[in-house]
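Asker: The structure is given below, and queries will be raised subsequently.
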2 protein chains.
Amino acid sequence: MHNQVMLKLGGSVITDKAGKDVIDRQQLATIASTLKESAFSGYIVHGAGSCGHPEAHQYHLDLGADRSNAVGIGVTHRAVTALNRAVVEALQNEGIDAIGVHLLDSCLADDGRLVSAPVELLDRLNALGITPVLHGDVVLDRRRGACIVSGDQVISALSPQLAVGRVGLATDVPGVLSSEGQVVRSITPSDIEGLSIGTSSSVDVTGGMQGKIRELLVLAGGGVESHIFAVSRLQDFLHQRDHGGTVVRMA
Amino acid sequence: MHNQVMLKLGGSVITDKAGKDVIDRQQLATIASTLKESAFSGYIVHGAGSCGHPEAHQYHLDLGADRSNAVGIGVTHRAVTALNRAVVEALQNEGIDAIGVHLLDSCLADDGRLVSAPVELLDRLNALGITPVLHGDVVLDRRRGACIVSGDQVISALSPQLAVGRVGLATDVPGVLSSEGQVVRSITPSDIEGLSIGTSSSVDVTGGMQGKIRELLVLAGGGVESHIFAVSRLQDFLHQRDHGGTVVRMA
């Protein structure tokens, strides 16, 4: 029943987050090859990394949009959709049939949270053997004009509706790190208050690791475990082996 | 109130329909310049022309889709979205803020007809001063798996919901032509049975001129006139002058 995998590729993993609009095509090729080898079936979501975050930041889209900064919507969307095309292309090159699905086209938000999303459409693509590739994006917002919806919010909003059994987040660190730099192997809602975690210094308009964990706890509340691991351990995650990273669960 | 314009750019106008995936960028630049000069505000829809029709035909998507031909969905969608990017880019080059909106991402169909579409989203883009650029596309279909939705169906389905006052279809002919090659200046529902019109010999999986007129009569039924004219007369249409073409109206 709930046998689908939803895999998030962190923006830092597939772009050079210190630069601007720099796509790591070699990394994408490696990921696609691993997915092919593991007969991956499910949904892929990716972050924006350096393809979208700098643009969203420049136009202050995290604060909303009106006619004064609306031009930033297209600029940001085009940056992240260029990355999306590269992800789809890498999958196609391995013979994985994939189609990019953009939130800006298909979703609406209210005060920063998704209120509509193309769930039936994603389910139908999956049933046809096509891997939908979603991504963090600008989304039109009933209250703010526009907002930034992270790949992590996509995961927490859509996984419960899409028969997803396992969520994986491939990142550029081994897992959630404590402020001492150790991997936190397990996080539950009762841990979150006392948790002291490292922070990222690169531009991220979506809340970085703390935002990510908040989204995943919402998901855990619905009974879906998620896994945060180094992209180099993707194969271990896909084969349900220990990946050395963090598991976010209810208890 | 209903003061928006919805402009359809025929696939034959912006591509070389005799070839495959050949975009006419010079034509797109001329159109964008005319729109800028006329302070265009509204919605743009374009056909697929040689960027999508041959692919849809090759994979028989007009007959539906299942796992045996689903790979054609992505192939066709990518061909027409490449054209869509070229249209958006031409508009951006003239300083018209535009964003591509894809039906495959955002719509569902049932037996070949749209049953959901991102109306609120399009309205919000317009309110922010952004021109949405839609296009004919593959759409997932509840009954057929997938279908082809033409730009003309987009116009007839969405115009009534988007406060559109005038619809224009820029084509590569001067208007609807009789079988004697004369422009039919006016078409009403009572004319359609006796109407003998010319046919196009190029590949068009969406029904060509006859399909176009059927869609526009649906629209006329809702009180919105539409105009079919040569792309060279676009300026006349935008300035509400005689464009020498065809008007489709209720009576």
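Keep in mind that glycine also has a Cβ here, set from the backbone N, Cα and C atoms.
Note that the coordinates shown come from a computational prediction; the quantities given were computed from them, not determined experimentally.
Look at TrEMBL and you will find B:6-229 tagged as domain 'Aspartate/glutamate/uridylate kinase'. Summarising the annotation, TrEMBL assigns ATP binding site to B:Lys8, B:Leu9, B:Gly10, B:Gly11, B:Ser12, B:Gly49, B:Asp172, B:Gly208, B:Lys212. What TrEMBL records for B:Lys17 is site 'Transition state stabilizer'. Sequence annotations record features per position, and here TrEMBL assigns substrate binding site to B:Ala48, B:His53, B:Gly151.
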Asker: Can you give the largest Cα to Cα distance in Å, as a whole number, for the residues B:Ala48, B:His53, B:Gly151 that bind substrate in the record?
Answerer: 12
Asker: Which residues of the same chain, at least 6 positions away in sequence, have a Cβ lying under 8 Å from the Cβ of B:Asp172 (ATP binding site)?
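Answerer: Within the chain, B:Asp172 (ATP binding site) has Cβ neighbours under 8 Å at B:Gly10, B:Ser12, B:Val13, B:Ala230, B:Val231.
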Asker: Provide the three-state secondary structure of B:Gly151 (substrate binding site) computed with DSSP.
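Answerer: The three-state answer is helix.
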Asker: For B:His53 (substrate binding site) and B:Lys212 (ATP binding site), determine the Cα separation and express it in whole Å.
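Answerer: So the Cα of B:Lys212 (ATP binding site) lies 15 Å away from that of B:His53 (substrate binding site).
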Asker: How does the model score the domain 'Aspartate/glutamate/uridylate kinase' (B:6-229) in terms of mean pLDDT?
Answerer: 91
Asker: Return one of helix, strand or coil for B:Lys8 (ATP binding site), based on DSSP.
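Answerer: Strand, per DSSP.
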Asker: Starting from the Cβ of B:Gly151 (substrate binding site), draw a 10 Å sphere and report how many other Cβ atoms land inside it.
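Answerer: The answer is 25.
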Asker: B:Ala48 (substrate binding site) to B:Lys212 (ATP binding site): how many Å between their Cα atoms?
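Answerer: The Cα atom of B:Ala48 (substrate binding site) is 14 Å away from the Cα atom of B:Lys212 (ATP binding site).
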Asker: How long is the line from the C-alpha of B:Gly151 (substrate binding site) to the C-alpha of B:Lys212 (ATP binding site), rounded to the nearest angstrom?
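Answerer: So the alpha carbons of B:Gly151 (substrate binding site) and B:Lys212 (ATP binding site) sit roughly 9 Å from each other.
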Asker: Using DSSP with the three-state reduction, classify B:Lys212 (ATP binding site) as helix, strand or coil.
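Answerer: Reduced to three states, the DSSP call for B:Lys212 (ATP binding site) is helix.
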